[in-house]
Amino acid sequence: MCFPGSQISPARLYYLVSAPWICTGSLTSSRLPRRRESGPLRVPPRSVQAERILRLPAFGLPLLALLLVPLLPVRAQNPDAKVVSMGVEWLTRYGYLPPADPVHAQMQSLEKLQDAIKVMQRFAGLPETGQMDPMTIKTMRKPRCSLPDVLGAAGLVRRRRRYSLSGSVWKKRTLTWSIRSFSQKSQLSPQIVRTLLSYALAVWATESGLTFQEVNSQYQEPDIIIHFARAYHQDSYPFDGSGGTLAHAFFPGEHPISGDTHFDDEETWTFGSTDDNGIDLFAVAVHEFGHALGLGHSSAPNSIMRPFYQGPVGDPATYRLPQDDRDGLQQLYGRVSQNPNARPTRKPLVPPPQPPAMPPDSPATPVPDRCEGNFDAVANIRGEIFLFKGPWFWRLQPSGQLVSPRPAGLHRFWEGLPTHVKVIQAAYARPLDGRIILFSGPQFWVFQERQLEGAARPLVEFGLPPGEDVDAVFSWPHNGKTYLIRGQKYWRYDEVAARPDPGYPRALSLWDGAPFAPDDVTISNTGDTYFFKGTHFWRFAEGSVKAESDSPQPIGPKWLDCPAPNSDPRVTSPPKTTSKTRSCDCHCELNQASEQLSPLLLPLLPLVAGEVFSY
């Protein structure tokens, strides 16, 4: 008999486990005294097909912590009891150890505990020592995904493949998504967040043929709901503040929470940061959307599905899934056709990497110099600035950097745009549903991301006279209305009611300092309004209809990484309009705009009525 007596105190057990003469057998001896219990601790079942966080009961920590003591390196200083307990709880939470119970806890042999540590070290890319050494403990403290790494006992067996599958997939190929709430802490604007999340979904769409469509959750229940939350947020994975668990997502299924993806709002979410102060949102989003599609964690060194945060992964426009993740995804949803002429049902928001060699430009359509300005259209599309000129366009990332100094081809990017369309005169992203509208002549085309939807439609739908075309179009977030400018006049369109507003056109001179017949107008990610004409731009602060005193300024140095002019350019300013009484006009416009404003801002309207007027 290895353990005399019928009851053993924790102190006595520590003494017995530590003694070298205690027993030559294993700890699985049936002679180990058992304490009477009503039954093992039961975790309430969940109908959601997602991994569960298995928390180690308090009574199981001392025993398993003591069992791990012999696994510590002999020459290293043993960590204290709190660190060992943390390690055991960590291994249990992330699936490497089963939950302890008072009846079967003694079945945990040292060999099985060593195996669990080795699997953890394999996932982390550490030497598989089977010991809770300092590097292992340090890795356990790294920021990571909330979900377990091992899905059942089979996950402990070394596989030829590194990826793991949850066993659940979406039964449809078009998935809808929506953002329930944005981060309250991050300096990233909602528009940039939406763009990064769209790109993260597009990464998976490229390799699977799946289609992701953003919808308004007020009108349609999305498959994937994205939520920035803190601490407990009504699921089984409460967040732990900055630096611990970063995010989690639920596997596909029929439950309302299936596919939902949550980010810890106490993290400092960044994008394109060159320092270590923050967590790259795009990298984490790609990882979590892998879970939302049915992938588990992977131990492959380069996999985006490794459980630990690995830092930024690069430009969303060029990022592609590593091979291990592609293999796992295609096990679930099949392979994308390898025929280069075959088109998947949905293209990503960004094109795949361009071929290394491109045909020379035709003399009829030479590549223009971006620093010359005179753009045909400028638009903010999901946080990126598109600048159109002839059959070309440039793109600026949300960080303000050029995607490439070389422009992209118009028809190569916008699939389905008629070949006879050589110039885009105006463009904007419709805020109601994210559709992208391109204008040329008296017509416009509607795109779902890059794919054309339907035939050309006439501009008369926006309230313009038949045969009229536009100089500029933009949606103003101050009141949610869409503005269409032609020459010295502008029209206004109500997107919600889907009709032109009465009382238009009006004089563009109401926008004090704006140039007549601008090349285009767009809204920045910070909410400022920018008029573009020729080689210069005019800035209007958020919510203002008066140009800033430093306007106009050259476009090139500010937007396109062009050298600053040697001297201040001589710009012919638009004719200044004399100040005139606008009390009635202001009153009418404010009454209309107030329907779109937050109730918290309504008491401030009398204070600013002298500055905000009808336009």
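Don't overthink the numbers, they just go from 1 along the chain as shown.
Every residue gets a Cβ built from N, Cα and C, even glycine.
Taken from Swiss-Prot, the feature transmembrane segment applies to 53-73, supported by sequence analysis.
The motif 'Cysteine switch' annotation in Swiss-Prot covers 143-150, and the record cites similarity to another entry as its basis.
The active site feature in Swiss-Prot is assigned to Glu288. Neighbours of Glu288 (active site), defined as other CB atoms within 10 A of its CB across all chains, total 27.
Summarising the annotation, Swiss-Prot assigns region 'Disordered' to 336-366 (among others).
Residues annotated as compositional bias 'Pro residues' in Swiss-Prot: 349-366.
Within the repeat 'Hemopexin 1' (368-417), the DSSP-based counts of helix, strand and coil residues read 7 helix, 20 strand, 23 coil. The annotation repeat 'Hemopexin 1' is assigned in Swiss-Prot to 368-417.
In the three-state DSSP scheme, Cys562 (disulfide bond) is classed as coil. For Cys371-Cys562, the entry in Swiss-Prot reads disulfide bond.
The feature repeat 'Hemopexin 2' is assigned by Swiss-Prot to 421-466.
Annotated repeat 'Hemopexin 3' per Swiss-Prot: 467-515, in sequence order.
Annotated repeat 'Hemopexin 4' per Swiss-Prot: 516-562, in sequence order.
Summarising the annotation, Swiss-Prot assigns region 'Disordered' to 547-582 (among others).
Look at Swiss-Prot and you will find Ala593 tagged as GPI-anchor amidated alanine.
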Using DSSP, break the repeat 'Hemopexin 2' (421-466) down into helix, strand and coil residues and give each count.
4 helix, 23 strand, 19 coil
Could you give me the DSSP helix, strand and coil counts for the repeat 'Hemopexin 3' (467-515)?
3 helix, 22 strand, 24 coil
If one looks at the chain holding Cys562 (disulfide bond), which residues at least 6 apart in sequence have a CB under 8 angstroms from its CB?
Arg370, Cys371, Pro554, Ile555, Gly556
Enter the number of other CB atoms within 10 angstroms of the CB of Cys371 (disulfide bond).
15
